[in-house]
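> Okay, here's the structure, questions in a sec.
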Amino acid sequence: MAAPSPAGGAPSHAQSSLPSLPAHLQSDTHLTAHLASRFHVGLPTARLSSQALISLNTYTTSTKGPDGGKEGSAMGEAEDLAKRAFTRLGARGENQAVVFLGESGSGKTTIRSHLLSAFLSFSSTPLSSKLSYAAFLFDTLTTTKSLTTQTASKAGLFLELQYDGSSSVNPTLIGGKIIDHRLERSRITSVPTGERSFHVLYYLLAGTSPAEKAHLGFDKAVHVSTSSGAIGHKRWRYLGHPTQLKVGVNDVEGFQHFKTALRKLEFPRSEIAEICQILATILHIGQLEFASGQATTTHAEESGGYSHEGGETVTIVKNKDVLSIIAAFLGLSVEDLENSFGYRTKTIHRERVTVMLDPKGARQNADELARTIYSLLVAYVIEAVNQRICAAEDSVANTISIVDFPGFAQACATGSTLDQLFNNAATELLYNFCLQSFFDRKADELEREEVSVPATSYFDNTDAVRGLLKHGNGLLSILDDQTRRGRTDNQLLESLRRRFENKNPTIIVEGSKRTSLISQNARSAFTVKHFAGEIDYSVNGLIEENGEFISGDLMRLMKSTKSDFVRELFGQAALQTVTHPKEKTAIMQAQVSSKPLRMPSMARRKTSPSSRLAFDAGDADEVESQAESIAKDSSSGRRKSAMLTSGIQGAAGQFLSSLDIVNKCLSSTNLNPYFIFCLKPNDRRIANQFDSKCVRAQVQMFGIAEISQRLRNADFSVFLPFAEFLGLAEIGNIVVGSDKEKAEVVLDEKRWPGNEARVGSTGVFLSERCWADLAKVGERVVPVYAADMSDEGGDGLLHPRSTGYGDSKVRLLNPADQSPGAFIYGDEAKQGYFGSRDLDGRSDAGNSAFNSGDMFRNHETREQMLEKGNEKKMEEVDDAPISGSRKRWIALVYLLTFYIPDFAIKLFGRIKRKDVRMAWREKFAINLIIWFSCGVAIFFIVAFPGLVCPTQHVYSAAELSSHNGKDGHSSFIAIRGVVFDLDKFMPGHYPHIVPESALKKYAGVDATGLFPVQVSALCQGKSGSVDPMVLLDYRPTNISGSATTISGTDTNSVYHDFRHFTNDSRPDWFYEQMVMLKANYLKGYVGYTPKYLNTLGKKSQSIGSINGKVYDLTSYIAGGRLTKAPPGETVPSDVDTDFMDNSVVSLFQSLPGQDLSKHWENLKIDPALRRRMQLCLDNLFFVGHVDTRNSAQCEFARYFILAISVLICSIIVFKFLAALQFGRKNVPENLDKFIICQVPAYTEDEESLRRAIDSMARMRYDDKRKLLVVICDGMIIGQGNDRPTPRIVLDILGVPESVDPEPLSFESLGEGQKQHNMGKVYSGLYEVQGHIVPFLVIVKVGKPSEVSRPGNRGKRDSQMVLMRFLNRVHYNLPMSPMELEMHHQIRNVIGVNPTFYEFILQVDADTVVAPDSATRMVAAFLNDTRLIGVCGETALTNAKNSAVTMIQVYEYYISHNLTKAFESLFGSVTCLPGCFTMYRIRSAETAKPLFVSKEVVDAYAEIRVDTLHMKNLLHLGEDRYLTTLLLKHHSKYKTKYISSAKAWTIAPESWTVFLSQRRRWINSTVHNLIELIPMQQLCGFCCFSMRFVVFVDLLSTVIQPVTLAYIIYLIYWLVKDTSTIPYTSLILLAAIYGLQALIFIIRRKWEMVGWMIVYLLALPVFSLALPLYSFWHMDDFTWGNTRIITGEKGRKVVISDEGKFDPASIPKKKWEEYQTELWEAQTSRDDRSEVSGISYGTKSYHPAQSEYGFPGSRPMSQLDLPRFGSRMSLAPSEMMSRHADMEMENLSHLPSDDAILAEIREILRTADLMSVTKKSIKLELERRFGVNLDLKRPYINSATEAVLAGAL
């Protein structure tokens, strides 16, 4: 107000109104100085009349003035402004608005809270409390701590207080509304250094109880001790640096307030818990760690692996525990969630493409999920709050609006250019509105009323606002348009340059029109001259960021959620979805709305014509229509579903429309605006410091000096018509004259200054002060209700925030406590929206447990949620009969695994599904069988010979003599038939004085004579004792001549003679010595063969054997019994020397040299005597053991092993011979058979694909007779690729992007509805190095509903596309639309009848074939008409890339040249590798289908793959299974290998991929051979035929680990005992590898010598590690969700979560019918068939056809073939089918196709056909219709062609 200057004595700083300062002080510098003088005395505010407030942030308190009260403080001024606004609201019925302007850190949020507190204090309803909570929730969710402030707002706020019109004195508050604008989503995942993310995330982390932390997964945080010993915090990626967890914000208290606010706003407790879970989920998403891995597990939807054999590089989550927490809270399957991070589906060139992401891409995907969830949560909470506080629109009479957008951003802290641009655009608009309010609008009013005031110059930012925000061609509109059109960032830059260059000075795009690539990269930015300074905005990534599209993958994933709350989050109106035009249920992508869900209450009301400053009716209509559309969205509560062509807005378009509404609401006639300029006193956040330079810059920026000057000239805020003015003045009839004269009299009386009161032509202009004086508003009482007033519930009112950055202790229960609300506003002892009464002053029943205990107490546990999320919705799809063989196998499985209970598998194996547990049992049973087989093999190799012929440790006389210690031999010695190790004994011989040389002379001899024995000590005789004087003279005459014997007269014998007659009698000495020697030095026994014993018997030797022991009684019988008495004694006469029983002696005498065992048993003697006689025999007459080493059983054991070895050796020899017989190479003649060359492509790179395609195109085979067919499995961009695989293939083949055929339906291999697939067919000619080859490309694109991996079904499905097509061609069966199109392209375009093709060559996309390979294979087929399949030799191209590839080189070589060559001898190669094989399509003589016969195709197309056996057949080794099917169903035909056809492929380079590949091969081998063994007609001569080959292959696969064990056993044997060398085994090994070596030597493959050595070193890997790993991981699959369960009455039912497939959904018809319709359509001059559902193209046949079916004059390599002919469709479609993919525009303003066609005919009727062009026709049409027809260009072009060709 231009109040009078303060009294002369008053200091200058006492003047609060800047316009009241003298004119010489109205400059930026002087005003800044005045603000400084006020700031330094504690008055941080000033006024610009009554319309604006200037507030300086003191960084201390906002509640204390100079005297300690609130007078003069920011809070006091805010309350004063609120009081004035409220008064005007009541007195004049005007809407009020308070607009905040200021930089970040200037205290806007704080002043806003004071202002809201003041407004709410004028009402006594409980609604005031709710509005307070609502504002707090908004701040909690959208404010953060920045470098400049603790409370930086990061979302635009339009807060509306709603009043009814029942009282003109005190309007009643009836509701409120929070309208949020554009949350800074990028902050969630990108927290700037030194700043925080949104406060609520920190509250959650700090404020939850231990029990809640455990539930939310926060308890697993690892606390790391820092160097100072303090406990550091776990680093949360989304919370910035750990130091930001402790920055003076009371997060613990904040969380309690957060929960209290939600509860007071009537959020159910379960919902509060869900909200907390979602917030925790966001934090956990930030913790996910991604890594690259190999997809070594076969996926359920795969119909077979590619050449990389499951080695596809995929992205995996490393910390699965965190992943499971996220999955539980989102109600999702862990597996689905992990997979969703690894890929992203995009729309590129109107095609849906799945991009396989690397870990970096997966991180970005996870970040997008976090941003999306948080944005949706904020939208949900705000909308839920609005539903609780908003009044019915019709009951709202007036509103007070508080508008606070984030401050101007000089830089984008989070890296988001889009957020910075939106921020600054909004600030620019609000500042422009401020200028309009002070300058332009008032000038217009004054001019209308013929009041003249001096003009004031000011900085006008209208150019910037128009440049940024103008509809249609403003910067944001252009950005949105370019996003919608799918343009690039540089194209956007070029569009901006064209629009603004030399047209708008505020937007500068540097660079010329032809900017070079270097300069584009150097400066891809544009500059905007804002009122606050110039800002450069980078365009890099701006288009994509503006799209803000949520991928369809995420929407599809969330569709499967089991959480009702998450479903509600993703089902709200804030999420707009884009559905496919042809399938409304298929969500292509979605978008979180960047505009608010609600509109200002006044926005929908048209302003009355009588209002001042009315904007035009068009604006009103526009605002109304926007309001209605948004209201419709929010009221329905459903997602707004938009078609792909419906023009869904990008973020810029939405933000622009919301700003437009804000502007028009603020600019409406019945609204009075106030402005609060918030200034920073310095840039360093230092309390009570005033930086004049900093403040002056802000004063200049906001043009405060110009505004002040304007107010000095014209401070008019109220316009009163004369009648109203005079009524208020109450002058009655005192003054006579016109109303104008009366008004002038009143003004003269009032003596108001001229800048505050002027009379116009129809009324009076007044300032707010003058109006207040006139209307006596000072007499009105504005009630202010105490903060501790209770609401109806009795709770203390949560009063709006009353302090901002001060330390007022008002309303605190305990001044010592931390003030409620201080947690969010940074400084000490602060109070926020909450008064402390409410926090803990009184607890609601049960609330204490909720606040301090566990809010999840009655909630589902995380484990329950996870289990729920992993469940799939299943439905019955089919019956599943169980075969008899399957039942028998299951019985055997249970027999082998019955001891493992089901619950144990479920508990320890964590296998919940019954069918997967059954598979585990099957796997375990198979492993048991394999292990048993290995055990049997080991038994026969090692144990069987030992059982049949036990090992004997015996030495014949000759063998004993050889151990004489000479020539390196060991030294043995024999004593009484026992052989000892003399070498070992000699070092320990006692006494030591005897030299070893003296002992060595006894080596190799029988030294029994050296050891005389005491007979009485060793034998008890017949009676139980023998006289000690009896001696036995022992002479070992039986082995004389073989080994030297030592006689008893040897000089050394006296040292061992301790018999009774000696002086030193030791009866037991010999026995003790023998016990000691046997224990330490025993080597064996002297051996006597039965033959040698017989010989000795014939020589009158009394020798025989009993139970294997040999006894010699010759010396006893021959009188060797003596007696001798000790010295001095005589021998008694009655000494009996016959101590042996006569019957025993006579036994040896009568049967010398024989086995006496049975006779011994039959002797008629008592047991005691038998025991005594046995003792005497063992101690005195034992001479050795019977040597049975050459017996019959031992010979059998030896020759049995030899026979097996010979058998194996013979197989090896046969393999060798088989390899040799294929040595001759013949060069076949030129052949004229038609062949198809098929290449399945998945995610290979361009180099691999080009190599494969080029090698097939360059094959030396007639180009006309080969057809190159490439089948692309899905729209997928592999890791490392920049385009989807189909696009790479089409680019290689030269098909332009403009060619876009219609996708057509066909059957696929998949579960449920995935059996319905769609594909595009391209054809043309490929030209390379002089070869021109016709090609057909089939791209599987999937149904519109397929969001992730569209069209992808696996390699087997790719093979089936061609097999099923050829099958239907040969059987003349009805075909699917895509097959009809294939038939049409091959027959009518390429010009070959599909039945002509006889052979199909299947090559993988990473395989290169030799130029002559096809010729050699076809020659082999022609030579043998009984041949059905032929494979060639495959070598490696990456042999030296890694150790893993090096060990495979030799193995690849021998697997072909030995194994396959051997199998080929019998015409039964059991595995024709899919990477390089040719098949016979039909028989040569009868044209009977072979490869594509009904039986083979039906069996190979098996969809129900739900058992372990079928999984291994069809998911692991589909190539081998295809061979198995050919051998089963065409048993009279042969499969062969020819070494002359060569190809080169890429082997796995990493261990994981190699392991996965071999697991597939080994397991599929086992299961396929099991399939083959029961086959009939497989036996040949002596069974040496295919069945034998199959059995040998199966056995060798199963017992592979044993072969290595055997080799190790041999090595151990050799090392252990060098004396016995197993020559047979060594010869066998030498034969195995020697013959292999001979093969490559004969073929001069010298390099194979080195590779063979490498292979031998890797033998443990191939023979042991790989088989064992493979057998145990036989059930390692992703099992999918189709399974068999037991239904009613035991019926086996197939259930699936993919839905039931309806075969009728794919229409089929025979080729003849289709061809007839095609011909009729070509001749009927009609472009549509309403009956058949076939839409036709516009090109007719060319009369001059080449041999390919092409026009002869046209360049073949550039044919635009897909536009020719017909396109099948499920319904009649418009010509060219491209209208569905047009730009997303509203086509209603365009002329109809019929109208365009009529005009085209008219133009062509009169045009010169020699000069007319399509472009000229389009221009003429645009002239005639008066509209732009760019969107109709495809139709115009095609219709023009059709008219010219006569088709229309």
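Cβ coordinates are placed from backbone N, Cα and C, and glycine is handled just like the others.
Annotations for this protein, taken from Swiss-Prot, read as follows:
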type	residues	note
BINDING	Gly102, Glu103, Ser104, Gly105, Ser106, Gly107, Lys108, Thr109	ATP binding site
DOMAIN	1-779	domain 'Myosin motor'
CARBOHYD	Asn1038	N-linked glycosylation site
CARBOHYD	Asn1063	N-linked glycosylation site
CARBOHYD	Asn1423	N-linked glycosylation site
CARBOHYD	Asn1457	N-linked glycosylation site
CARBOHYD	Asn1563	N-linked glycosylation site
CARBOHYD	Asn1786	N-linked glycosylation site
REGION	1-22	region 'Disordered'
REGION	593-621	region 'Disordered'
TRANSMEM	889-909	transmembrane segment
TRANSMEM	928-948	transmembrane segment
TRANSMEM	1200-1220	transmembrane segment
TRANSMEM	1595-1615	transmembrane segment
TRANSMEM	1621-1641	transmembrane segment
TRANSMEM	1648-1668	transmembrane segment
> Please report, as numbers and ranges, the same-chain residues at least 6 past the borders of the transmembrane segment (928-948) whose CB is under 8 Å from any CB of it.
896-897, 1193-1194, 1196-1198, 1200-1201, 1204, 1595, 1598-1599, 1601-1602, 1605-1606, 1609, 1671
> What does DSSP assign Gly102 (ATP binding site), in three states?
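Reduced to three states, the DSSP call for Gly102 (ATP binding site) is strand.
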> I need the nearest neighbour of Ser106 (ATP binding site) among the glycosylation sites Asn1063, Asn1423, Asn1457, Asn1563, using C-alpha distances.
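Nearest by Cα distance to Ser106 (ATP binding site): Asn1563.
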> Cα-Cα, whole number of Å: Gly102 (ATP binding site) versus Asn1563 (N-linked glycosylation site)?
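So the alpha carbons of Gly102 (ATP binding site) and Asn1563 (N-linked glycosylation site) sit roughly 71 Å from each other.
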> Taking the center of the Cβ atoms of Gly102, Glu103, Ser104, Gly105, Ser106, Gly107, Lys108, Thr109 at the recorded ATP site, which other residues in this chain have a Cβ no more than 8 Å from that point?
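Residues close to the ATP site, other than Gly102, Glu103, Ser104, Gly105, Ser106, Gly107, Lys108, Thr109: Asn57, Thr148, Thr149, Ala152, Gly407, Cys678, Lys680.
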> Mind checking which of Asn1063, Asn1423 has the fewest other CB atoms within 10 A of its CB? They're the glycosylation sites.
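Across Asn1063, Asn1423, these glycosylation sites, the one with fewest Cβ atoms within 10 Å is Asn1063.
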> Closest to Gly105 (ATP binding site): which of the glycosylation sites Asn1063, Asn1423, Asn1457, Asn1563, going by Cα position?
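Looking at Cα distances from Gly105 (ATP binding site), the smallest one goes to Asn1563.
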> Given the binding-site residues Gly102, Gly105, Gly107, which one has the fewest other C-beta atoms within 10 angstroms of its C-beta?
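Minimum Cβ neighbour count within 10 Å, taken over the binding-site residues Gly102, Gly105, Gly107, occurs at Gly105.
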> What number of additional C-beta atoms lies within 10 angstroms of the C-beta atom of Thr109 (ATP binding site)?
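The answer is 28.
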> Nearest to Asn1563 (N-linked glycosylation site) by Cα, among Glu103, Ser104, Lys108 (binding-site residues)?
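Result: the closest of the binding-site residues to Asn1563 (N-linked glycosylation site) is Ser104.
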> Note the mean pLDDT of the domain 'Myosin motor' (1-779), expressed as a whole number.
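Across the residues of the domain 'Myosin motor' (1-779) the model's pLDDT averages 81 on the 0 to 100 scale.
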> So what sits near Ser104 (ATP binding site) in its own chain, CB-to-CB under 8 Å and at least six residues off in sequence?
Ser146, Thr148, Thr149, Ala152, Pro406, Gly407, Phe408, Ala409
> Which of the glycosylation sites Asn1063, Asn1423, Asn1457 has its Cα nearest to the Cα of Thr109 (ATP binding site)?
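Checking each of Asn1063, Asn1423, Asn1457 against Thr109 (ATP binding site), the shortest Cα distance is to Asn1457.
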> Could you check which of the glycosylation sites (Asn1063, Asn1423, Asn1457) sits closest to Gly107 (ATP binding site), going Cα to Cα?
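Nearest listed residue in space: Asn1457.
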> Based on Cα distances to Asn1457 (N-linked glycosylation site), point out the closest of the recorded positions Glu103, Lys108, Asn1063, Asn1423.
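For Asn1457 (N-linked glycosylation site), the spatially nearest of the recorded positions is Asn1423.
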> Translate the DSSP assignment of Thr109 (ATP binding site) into the three-state scheme.
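Its secondary structure by DSSP: helix.
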> For Glu103 (ATP binding site) and Asn1423 (N-linked glycosylation site), determine the Cα separation and express it in whole Å.
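The separation of the Cα atoms works out to 89 Å.
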> How many Å separate the Cα atoms of Asn1063 (N-linked glycosylation site) and Asn1423 (N-linked glycosylation site)?
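Asn1063 (N-linked glycosylation site) and Asn1423 (N-linked glycosylation site) have their Cα atoms 102 Å apart.
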> Rounded to the nearest Å, what's the C-alpha distance separating Lys108 (ATP binding site) and Asn1423 (N-linked glycosylation site)? Just drop the number here, would you?
92
